[in-house]
Amino acid sequence: MKIEGRVLVLMTALAGLSLSGCVSSPTYGTDKSAGAQLLDDVSNMASFGQSKKKERIDYKPRPDLVRPAPGDKGYLPAPQQSLASSSDPNWPESPEQRRKRVRDEITAHRDDSNYVSPVLQDAPVADNIRTALPRGNSRREDYASRTPTSDPAKVAALKAARAQQNQGSATTRRYLSEPPLAYRQPASTAAVGELGPDEAQKERERKKAASGSRGWRDYLPWN
């Protein structure tokens, strides 16, 4: 008898003895007692040892590496140059190099009255001050940039550009996200064009009514 058969008989005998002593054991909701479950487990373990031997895989050795011929070595591509080098145009400029470049640029344009030094552009400038700074192109353009325009055509173009930026026109619909023009028409009972009293004027009148009439005694500092 093979070893597997002997193990199977022995485990079956042990399972039978344990099953005879645990006939009234609980099932724990599995519809099987503890002895029956043990017998199934032992049978499954014995069946693993009796399985057929698997077929061996025939491993074949790897082929040799394909090496270039002796005459083909000169045609191999050259190694790629690393991008992280100083010859790269996107290479960051050191403070010393920038200082030298700015000094040479200022020295080359020292006789140019319209030249604007790049050193002035390093510090942050407020928007209201930036509009007042000269652009450096010419004195006429500098004067035109500082002086408000009075050309009617330019004023009309500026108003038209501002009107396009503001959504909610009652006559045109530029985007699909805007409501249809029929929804923008006011109702017949709506007070259109009546702005009502000014809020600042109402606040002044309220303060005046709350203070009442004041006499000369109210202005004395010890009251």
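Using the three backbone atoms N, Cα and C, a Cβ is placed for every residue, glycine included.
Going by TrEMBL, these are the annotated features:
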- 55-65: compositional bias 'Basic and acidic residues' (COMPBIAS)
- 79-89: compositional bias 'Polar residues' (COMPBIAS)
- 102-113: compositional bias 'Basic and acidic residues' (COMPBIAS)
- 153-163: compositional bias 'Low complexity' (COMPBIAS)
- 164-174: compositional bias 'Polar residues' (COMPBIAS)
- 199-208: compositional bias 'Basic and acidic residues' (COMPBIAS)
- 47-223: region 'Disordered' (REGION)
DSSP helix/strand/coil residue counts for the compositional bias 'Basic and acidic residues' (55-65): 0 helix, 0 strand, 11 coil
DSSP residue counts for the compositional bias 'Polar residues' (79-89), split into helix, strand and coil: 0 helix, 0 strand, 11 coil
Composition by DSSP (helix, strand, coil) of residues within the compositional bias 'Low complexity' (153-163): 11 helix, 0 strand, 0 coil
Tally of residues which DSSP labels helix, strand or coil - the compositional bias 'Basic and acidic residues' (199-208): 10 helix, 0 strand, 0 coil
